[in-house]
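Annotated features in TrEMBL:
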type	residues	note
DOMAIN	1-220	domain 'AB hydrolase-1'
ACT_SITE	Asp81	active site, nucleophile
ACT_SITE	Tyr231	active site, proton donor
ACT_SITE	His288	active site, proton acceptor
Amino acid sequence: MIHGWPGSVYELYKIIPLLTDPANHGLNGDHVFEMICPSIPGFGFSEAPHKKGFNPMCAARVFYKLMLKLGFQKFYVQGGDYGSLICTNLAQIAPRHVKGIHINLIFLSTLGFKQLLSILLGQYFPGLFGFQAEDIQRLFPFKRKVLYKIFLESGYLQLQATKPDTVGCGLNDSSVGLAAYILEKFSTWTDPSFKKLEDGGLEKKFTLDDLLTNVMIYWASGCVVSSMRFYKECFGKGIGIEKHETFPVEVPTGIAAFPNEVLHFPRAWAQKKYVNIVSFNFMPRGGHFAAFEEPALLAADILQFVDKVEKATFVQ
């Protein structure tokens, strides 16, 4: 299970017991997991990469080798944010070893003609483009719910994809500045309405201890610069130019679509890349940091996805 930015392995701590011992936490106990939750190189106390160009595909190769060295020939992968990208790359490079991929954020670098046409006509002819009612609710009006949202929430990405060391050095020099920079994401990406609250609504879904533990991992390790460089290595060359971005993901795929996620991608769009979707569920609540905010909801969705894959494998 792989974290993202500005998270850390700590954001996975609440969901780990739900998957290693689901029956004692009110979940389906038919499947239990041995959890491997590594820090992305350059995040937390995981040593920063020494070579230029270390992107999510490189991280996927590292984690693939890690799993083999630990003795796992077959395994499931799960992630959100950067974890989603790394899991996707893992499924692309090791489809014989990855039994299934479950993600709670979809990244599509390009859209085909039909997907672009659905932006114009999808709200009027949803069935024609494979949209469900919830897709319409989350996507339209497209200008306000997607384009304007990208404009509001992509400032950090522009900085980190172009000048990570500039802003990173400043954050490494100020604990208050670092906390403000990170905690703003835990406010707006959890629920966009929280930005209207004086305290950012931080304690509505998290405890201050949990939030500051995550911040302290960045502060104590001094990793914010190297974590930001990951954006430069991922997006610095452009979007949609890497060969692997056009490769389909053929392993069984499960997708949990949380309503307050930064961007929503309908199943009709997702299956352009993930060609073997066996589970796509609209979650009743939750945002970007699903494992941290709604661990029980995410764990239940993972368990039902794995159950479907295992039953299909048994039948075969």
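Going from the start of the chain as shown, residues are counted 1 onward.
Quick reminder: no glycine exception, Cβ is built from N, Cα and C everywhere.
Spatially close to Tyr231 (active site, proton donor) yet at least six residues away along the chain are Trp5, Leu157, Gln160, Ala161, Pro164, judged by Cβ distances under 8 angstroms. Note: the Cα of the residue listed as 'active site, nucleophile' and the Cα of His288 (active site, proton acceptor) are spaced 8 Å from each other. The Cβ neighbour count for Asp81 (active site, nucleophile), using a 10 Å radius and every protein chain shown, is 25. Sequence-distant contacts of His288 (active site, proton acceptor), defined by Cβ-Cβ distance under 8 angstroms and a gap of at least six in the same chain, are Gly80, Asp81, Leu105, Lys185, Trp189, Thr190, Phe258, Asn260, Glu261, Val262. Each residue in the domain 'AB hydrolase-1' (1-220) has a pLDDT score, and their mean in this model is 96.
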